[in-house]
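Comments concern the structure below.
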Amino acid sequence: MDGFIVIDKPIGLTSHDVVARVRQTLRQKKAGHTGTLDPFATGVLPVAVGEGTKAIPYLDESTKVYRATLILGAATDTQDHTGQVVHAGDWRHLEPQSVRDVVSSFTGKLSQLPPMFSALKRDGVPLYKLARTGREVERERREIEVFSLVVDSIDLPLVTFTLSCSRGTYVRTLAHDMGERLGCGAHLTELRRLSSGPFNLDRAISLERLKELAEAGNLADVLVSPSDALGHLHALPLTAQGAERVRRGMPPCREDVEHGAGTGIPAGTRLRLLRDGIVVAVADSLAGLWSSDTKNLRLLRVFN
């Protein structure tokens, strides 16, 4: 079994826990998630299995979509409801429209200080482990981008919003910063990931449903193929001979490409090499594609 299973992660499990459950259910040795989702969060968690794990570095998960709910009046050390309150403030003087204006202003390119309770590492040690000992270390601010943000509802002190943002954005930190700007503190109470790159809730299933489908031998409908997951890459179809050549680790010749499909591809284009719709390799095109027989593509990853 090769590809991706999109899990609708439940509250309380770590991303590692989910991968372990998938590995056990599918009896797969090779499995891994494409990006951590906080234990208190729910929603889209793509898990690669088999040859799908080779595709992870080449996925386009540059855009993620979340629905979040924050509560005004308290900031916590984790920036969510699982932490300890470190600051409390009065929100009762705030008008819904002023809250809407502030929350809606968190769009565009923003500078964000990663939270101490995160998986980022300092000298090889995850920051959350240092935070649990009471230590706080300097972190570099990071540029993130919020492509869009819509306030769904305001029922003070609760505010629910949906946002589309760049990879690496901490929605917890956005909520914290919103609370600071409003002067009363805030933290997340709910976070649900609606999509991550090509993976969305429409394809997501629960761990319980995964077990049912596995026992029935009916996983084909929920398995996202590596080719579909890499659909953002230019497709280059190979002949049978070309696919065999690539599987042996050799770049294809012009004759190995079907119907002259390799012509006109700009240098630096990342490609998925296909045979009968199945990914054989990921490669980069070099300057002057097909200017010679064997050095027009640089193979990055070959799939079995």
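Each Cβ is built from the backbone N, Cα and C atoms, and glycine gets one as well.
According to Swiss-Prot:
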type	residues	note
ACT_SITE	ASP38	active site, nucleophile
Task: Three-class DSSP secondary structure - the residue listed as 'active site, nucleophile' - done: coil
Task: Residues satisfying Cβ distance under 8 Å from ASP38 (active site, nucleophile), sequence separation of at least 6 - done: ASP80, ARG172, LEU191
